[in-house]
Amino acid sequence: MPLAPLLDESLFGSAGGYISGRYCGVGAVSDNGTSCCFPYSIQEWVYPENWKQQFRVPNYLIILSVTLCLFLLLSFTMLPKEKTHQHYLSVGLLISALLIFLSFAIPVGSIPELCHDAITPNDMHSSLSCAWAGSLVTLGGLASVLWVLLRSLWLHIRIFWDRDPGKKFKWASIVVGTILPLVFLIALLSATGFSYRMGQTCLPNHENAIVTFWVWLVIFAIAAFLLQVSTIAYCVYVYLRTLKRERPENSFNSSQRGQRVRLENWKNVKKLFLLQWRNILVNVFVIIGSISFIVVFWT
């Protein structure tokens, strides 16, 4: 017989809930190979007794985030574009963030049942709340990182190549930022699924999660980071170049023309950089958040 608080796995069914989410092992104190399992959830044996109450605090704070996102979307709709500085890249990122916030807000209203039985967590097949929350957090997470990558690419083209991305880039971004996350979500639902892994929000299971979710999150985040770094490095390079001593006024006309061109380039870069510093800051925060999300929830 397993020792308390361990439970005998043979006393529970092999269907329903996320079976692989059980914390079981062959009991060392038994000679008959009894599989002993920790009662679900394992967090109750790892964290303090009030961990559930503490974990619900962010869920309630998320309500404020949802409200602010809806307010911003409403302002984009009702107010003139000149007043809100509305941009399709900003709207895409805002909607992605709203999806993430909604995934954490669902448990506030529904108070989902985390356990299928004493040792098995519920999954997307046994809990509708899990299916919705997992889909929203996955869709929003992938979409947010992808929109950050598109914002970094837009800024890189604007500053490094000194070109206006134009309407082709706009519609291509909208298609990629909308369709690609849906494709990954379908793949994740088919090959991986969701279950209650931590707290009251469902997350991707371990099976095939690297291929269907985590690796793409890392790739998009790193690509956005590299584009952002290269753009900032170019701004620094142009700035340092303008600090160099210019030749005297009696120098050749070609040198004077070159000076004017460099100064004009720096003015354009400086103007764009000052207009986009908030976007750059948002990109950096989203990239850091994505890496933290990977480290905490996948491990």
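Glycine too: its Cβ is placed from the backbone N, Cα and C atoms.
The feature domain 'G-protein coupled receptors family 2 profile 2' is assigned by TrEMBL to 51-299.
Under the heading transmembrane segment, TrEMBL lists 60-79 (among others). Long-range neighbours of the transmembrane segment (60-79) within the same chain, counting only residues 6 or more positions beyond its ends whose Cβ lies under 8 Å from a Cβ of the stretch, are 86, 91, 94-95, 97-98, 101-102, 104-105, 108.
Residues or ranges marked as transmembrane segment in TrEMBL: 91-111 (among others).
Feature annotation from TrEMBL assigns transmembrane segment to 131-150 (among others).
Packing against the transmembrane segment (171-194) from elsewhere in the chain are residues 18, 88-89, 92, 96, 123-125, 130-131, 133-135, 138-139, 142-143, 146-147, 150, 154, 202-205, 207-209, 211-213, 216: each is 6 or more residues past its ends and has a CB under 8 Å from a CB in it. Feature annotation from TrEMBL assigns transmembrane segment to 171-194 (among others).
Per TrEMBL, the feature transmembrane segment maps to 214-240 (among others).
Positions annotated as transmembrane segment by TrEMBL: 280-298 (among others).
Tertiary proximity for the transmembrane segment (91-111) is limited to same-chain residues at least six positions away from its ends with a CB under 8 Å from its CB atoms, namely 56, 58-60, 62-63, 65-66, 69-70, 72-73, 76, 129, 132-137, 139-141, 143-144, 146-148, 150-151, 173-174, 177-178, 181, 199-201, 282, 286.
Under 8 Å from some Cβ of the transmembrane segment (131-150) lie the Cβ atoms of residues 89, 92-93, 95-104, 106-107, 112, 124-125, 173, 176-178, 180-182, 184-185, 188-189, 193-195, 200-204, 213, 216-217, 220-221, 223-224, 227, 282-283, 286-287, 290, 293, all in the same chain and six or more residues away from its ends.
Taken together, the residues in the domain 'G-protein coupled receptors family 2 profile 2' (51-299) have a mean pLDDT of 81 on the 0 to 100 scale.
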